[in-house]
Protein chains: 2
Amino acid sequence: MSTPPLVDVVVVGAGLSGLTAARRATQLGLTTRVYEAADRVGGRVWSTTVAGVHVDLGGTFVGPGQDRIVALAAEVGVSLYDTYDTGANVVRWRSQVKRYRGTVPPLGAALLDVARIQATIERAARQVPCGRPQDAPGAAALDAQTLGGWLRQQHASRTARDLFDLVSRTTWGCDADHVSLLHVLHYIHLCGGLSSMLDTAGGAQESHFVQGSHEVAVRVAEQLGDAVRTDEPVTRIDWDDDGALVHTDRGSCRARRVVLAVAPTMRRKIRFNPELPAAHEQMAQRWPGGVLSKAYAVYETPFWREQGLSGQGLSDRGPVFITFDASPHQSREGVLLGFVGGPQGRAWDELPEAERRVRALASFADLYGPKALEPIGYIDQKWGADPWTGGGPCAAPSAGAVVPYYSHLATPVGPLHWAGTETADRWSGFMDGAVRAGERAAVEVLRSISTQADSTQADPTTEGAPA
Amino acid sequence: MSTPPLVDVVVVGAGLSGLTAARRATQLGLTTRVYEAADRVGGRVWSTTVAGVHVDLGGTFVGPGQDRIVALAAEVGVSLYDTYDTGANVVRWRSQVKRYRGTVPPLGAALLDVARIQATIERAARQVPCGRPQDAPGAAALDAQTLGGWLRQQHASRTARDLFDLVSRTTWGCDADHVSLLHVLHYIHLCGGLSSMLDTAGGAQESHFVQGSHEVAVRVAEQLGDAVRTDEPVTRIDWDDDGALVHTDRGSCRARRVVLAVAPTMRRKIRFNPELPAAHEQMAQRWPGGVLSKAYAVYETPFWREQGLSGQGLSDRGPVFITFDASPHQSREGVLLGFVGGPQGRAWDELPEAERRVRALASFADLYGPKALEPIGYIDQKWGADPWTGGGPCAAPSAGAVVPYYSHLATPVGPLHWAGTETADRWSGFMDGAVRAGERAAVEVLRSISTQADSTQADPTTEGAPA
C-alpha cells in the first residue's frame with residue numbers, strides 16, 4: 001500500500017464553516033483537503049429550485065453586523081437584496097386573524113406581560129459575557145433551568161410563553177422547555193439583543209441572497225476545486241500531537257492539523273483514536289441539534305402584496321407558525337417561506353410529503369387566504385431528519401450543559417481544531433457565525449503549525465545544532 | 001466473496017442486557033451472535049482484582065424486588081451476600097464529622113426541609129405512570145424542569161439541595177441541575193420509591209455478589225460460547241423489514257432480527273442504512289450517559305468496623321461523596337468503595353491516576369481516619385471516560401427529552417429491537433433492569449419472527465397456494 005498523501009489541514013465538513021476554514025487556510029499558504037459526508041457541499045446551507053425559482057432550504061437571511069458572511073458572499077460574487085418588508089404583518093392567534101406592524105403582534109393586554117419578559121431577558125442577556133457564558137453571575141442556576149421552566153417560574157402569561165416557544169423553535173430548533181436558559185441568554189447577547197435577532201428591517205432577517213445562500217458555498221467549493229471531496233464521510237481519525245491520519249471509506253489522508261467543522265453532536269459520528277478527552281465526548285452528548293423544518297410555496301405572483309400584506313406572519317395553530325415573503329429578486333413569482341417545529345412539527349415531519357404539503361398550505365391559507373392553496377410549486381426540508389448535519393438550524397445545549405462543557409466546544413485537542421457556527425464568538429447559530437468560526441480555525445491552525453515549526457527548528461535534539 | 005452467515009438474532013452489546021437477550025433467545029430456539037465493541041463482556045458491569053480481592057468497577061448492588069438479576073445470577077451459580085450494614089454511618093458536612101443511623105444524616109434543622117422535599121418527590125413520583133412518563137399529569141411542565149431547578153423553585157435549603165445533588169450523582173451520574181425532573185420522578189417510581197432506591201438494608205444496596213457482578217456476565221457469555229465476539233464494534237447495519245446485514249471491521253453477519261443492547265447515546269455510534277427514523281435519532285441525541293466514577297481502596301482489615309462504623313458515609317467535601325463497605329465475603333481484607341462525581345468529580349477525572357488516588361484516599365480518611373491513607377491496593381474507574389458504554393451508571397435525559405422521546409427508547413424499528421437498562425419497565429438504570437430488558441427483547445424478537453413466519457405461510461403469493 002502506498003503512503004497516504006499529506007496535507008497541512010484536513011477539514012471535516014464542507015458546510016460554510018469548513019469551506020471558509022479551507023479557503024482561508026489556502027490563502028494563508030497551507031495545503032488542504034475537505035471531506036464532506038453528504039453528496040453536496042453547504043451543510044446546513046442548501047438551496048434548490050422550485051417552479052424555476054430559487055429557495056433556501058437552510059440558512060437564508062443575513063442582517064446588520066453579520067459582516068463576515070456578507071464579505072465572503074461579496075468576494076465570490078453573490079449579492080444581497082432586502083427581504084420584502086412593506087405592508088402589514090398578519091397574526092392568527094386564538095382563532096382570530098389580525099394585521100399589525102413591527103415585530104410584536106397585537107395580542108392585547110398580554111403584550112404588557114410579553115414586554116416585561118422581554119425586558120427581563122434582555123437585561124439578563126447583557127450580564128452573560130460573550131464567549132464565557134459559564135462566567136455569568138449565577139451561571140449554574142441559569143443553566144439549571146430551561147427557558148420554558150423559567151417562563152413558568154416568572155408566571156409568564158400563556159400568550160407570552162407561546163410566543164417565546166415560537167422564538168425558541170425558529171432560533172434553536174426546540175421548544176422553550178428543551179433549551180438551557182443560560183444558552184438562550186448567551187445566544188441573545190452574541191446577537192446584540194432580541195431585536196437584532198428577531199427583526200426583519202434592522203435585524204437578522206433584513207436581507208437574503210439573490211442567487212441563494214447555497215451559491216456562496218458552491219462558489220467557495222469551486223475555488224477549492226479538487227481539494228473538496230463530497231460523499232466521503234470521515235469514519236476514523238488517528239491522531240497524536242504531531243498530526244493525524246484521517247480515514248474515510250475510500251482511503252486515508254495524513255494531515256498536520258484537522259479542522260472539524262461539524263455540529264457538536266456530529267463529532268460523535270467519528271471514531272477518534274485515541275479517544276477524545278472524556279469531557280469533550282460528554283459535551284458532544286449534551287449539545288443536540290435542532291429540529292426545525294421549512295416549507296416553501298411558490299405562486300405565480302406574491303398575491304399577498306396586493307392585499308397590503310408583507311408576507312410576514314405568525315400563527316399559534318401551525319404546523320407553519322412563522323412566515324416570510326421569500327420571493328425572488330426581480331422576478332414575478334411570489335414565494336412564501338414557513339417554519340414548522342415544536343410538538344406539531346415533530347408530528348408533521350412524520351407525515352408523507354403530500355400530507356405535509358396539504359397542511360403547510362392550509363397554514364399559509366389561514367394567514368393569506370385561499371389563494372395560498374394554489375401554488376405552482378412546493379417543497380419542504382426537515383432538518384431534524386437530516387443525517388449528516390445532526391439537525392438544524394443549530395445545536396441547543398440542554399439544561400446544565402453550558403457551565404461544565406461550553407469551554408470544550410472550541411478548545412483544540414492536540415492537532416484537532418473545531419469550527420462550526422456553534423463555536424463562533426459572534427452570531428453563533430447563524431451563517432455569519434459559521435464563517436467567523438471557519439476563519440478563526442484557519443488562523444488557529446496556522447499559528448499552531450508555525451509554533452511547532454519554530455520549536456522544532458529551535459530544538460537541538462532534532463536539528464543537531466552545535467553545542 | 002462468500003455469503004455472510006445468517007442467524008436469527010444478532011445482539012449488539014455484550015452487557016448484561018445483551019447477554020441476557022442472547023441467552024433467552026437461545027433458550028427459545030433461536031440462533032444468535034453477539035458483537036461487543038470492547039475487549040471484554042459486561043458493559044457497565046465489570047469487576048477486577050486488587051490486592052487479591054474482587055471489586056466491582058460497575059454495577060454492584062442488588063436489593064429486594066430485583067428478582068430478574070437475582071434469578072439469572074442463581075442460574076449461573078453466582079451467589080449473593082449482604083452488604084455490611086452494622087454500626088454507625090458517618091457524615092462529613094460543613095467541616096463537621098458525625099455518626100448516625102439509617103439513610104438520612106443528622107443535619108439538624110435542615111432535616112425538616114429534606115423531609116418536606118422527599119415527601120413532595122415521593123408523592124409526585126407516584127403520579128407518573130410506569131413505562132408512560134409522558135402521560136403523567138402536567139408531564140410537559142415536569143419535563144421542562146431539571147431536578148435542581150425545581151429544588152430552587154421549592155426554596156429547598158442549601159442542605160437539601162446538596163443532599164439531592166449527591167443522590168443525583170450516584171443515581172443518574174449527573175448533577176441535579178442536569179436531569180429532567182420528570183425522568184427523576186419516573187425513575188423513582190420504577191424503583192418503588194426513594195427508600196427502596198437509596199437504602200442499604202431493605203433497599204437497592206442490600207447485597208452484592210460473592211464472585212463479583214461481572215462474573216454473572218462472564219458465565220452467561222461462556223454458555224453462549226463462540227456466539228460472543230468481543231473487540232468487534234458494529235460499524236453499520238443495513239436493514240429492511242425482512243432482516244439486517246450487520247457489519248463490523250472484521251466481516252458481516254445476516255440476521256432476521258437485531259437486538260441493540262447499548263445505551264441510547266451509543267446507538268449513534270452505528271451507521272444505519274436506511275437511517276433510523278428522525279425521532280429516534282433525536283432521542284439518542286438527548287439521552288446522554290452519566291458521568292460517575294468509583295474508587296476502591298483495599299485494606300488489610302475493615303478497620304472501621306472496630307470503631308463501630310458501617311463503612312457507609314457521606315461527605316459534602318469530595319471528591320468521594322458516598323462510601324460503602326464492599327469488603328469481600330469470608331475474607332479478612334476490608335474494602336471501601338467511594339463514588340466520585342459532580343463538578344469536583346469532573347476535575348478529579350482529569351487528574352493523573354496517582355493524584356486521583358491521593359485525593360480519594362484523603363476523602364476516605366476524612367470519614368474513617370488516617371488508617372484510610374494506607375491501603376494495600378487502590379483502583380478507580382471513570383465511567384464518564386469509558387468509550388464503549390457512553391458513560392455510567394446509566395443514561396439521564398435532559399430537560400424536555402422525556403415527553404417527546406421516551407416512547408422511542410424501546411419501540412422496534414423494522415427488524416431492530418432495543419434493550420439496555422434504560423428500556424426496562426422496572427428498575428431501569430439497575431442491573432435488574434438490564435436483565436428485564438434483555439428478556440423482553442428476546443421474547444419480542446421471537447414473536448416478531450413467528451408472526452412473520454405465519455404471515456409468510458398464509459400468503460398465497462409466496463406459497464403458491466391453490467386458488
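One is the number of the first residue shown, and numbering goes on along the chain from there.
Cβ coordinates come from backbone N, Cα and C, glycine included.
These come from TrEMBL:
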DOMAIN    A:16-446  domain 'Amine oxidase'
BINDING   A:Ser17, A:Glu36, A:Ala37, A:Val234, A:Glu422  FAD binding site
BINDING   A:Phe339  substrate binding site
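Looking at A:Glu36 (FAD binding site) and the residue listed as 'substrate binding site', their Cα atoms lie 27 Å from each other. Cα-Cα distance from A:Val234 (FAD binding site) to A:Phe339 (substrate binding site): 31 Å (rounded to the nearest whole number). Taking a C-beta cut-off of under 8 angstroms and a sequence separation of 6 or more, A:Ser17 (FAD binding site) has the following same-chain neighbours: A:Gly43, A:Ala261, A:Ala419, A:Gly420, A:Thr421, A:Ala434, A:Val435, A:Ala437, A:Gly438, A:Ala441. Remark: A:Phe339 (substrate binding site) has A:Arg169, A:Thr170, A:Leu292, A:Ser293, A:Lys294, A:Ala295, A:Val320, A:Phe321, A:Ile322, A:Thr323 as non-local neighbours, by Cβ distance under 8 Å and separation of at least 6 in sequence. The average per-residue pLDDT of the prediction over the domain 'Amine oxidase' (A:16-446) is 96, rounded to a whole number. Sequence-distant contacts of A:Glu422 (FAD binding site), defined as residues of its own chain at least six apart whose C-beta falls under 8 angstroms from its C-beta, comprise A:Ala263, A:Pro264, A:Trp287, A:Cys394, A:Ala395, A:Leu409, A:Ser428, A:Gly429, A:Gly433, A:Ala437. The record assigns A:Ser17, A:Glu36, A:Ala37, A:Val234, A:Glu422 to the FAD site; their largest pairwise CA distance measures 20 Å.
There are 22 other Cβ atoms within 10 Å of the Cβ belonging to A:Ala37 (FAD binding site). Working note on the binding-site residues A:Glu36, A:Val234: by count of other C-beta atoms within 10 Å of each C-beta, A:Glu36 ranks first.
Annotation note: A:Ser17 (FAD binding site) sits in a helical segment as assigned by DSSP.
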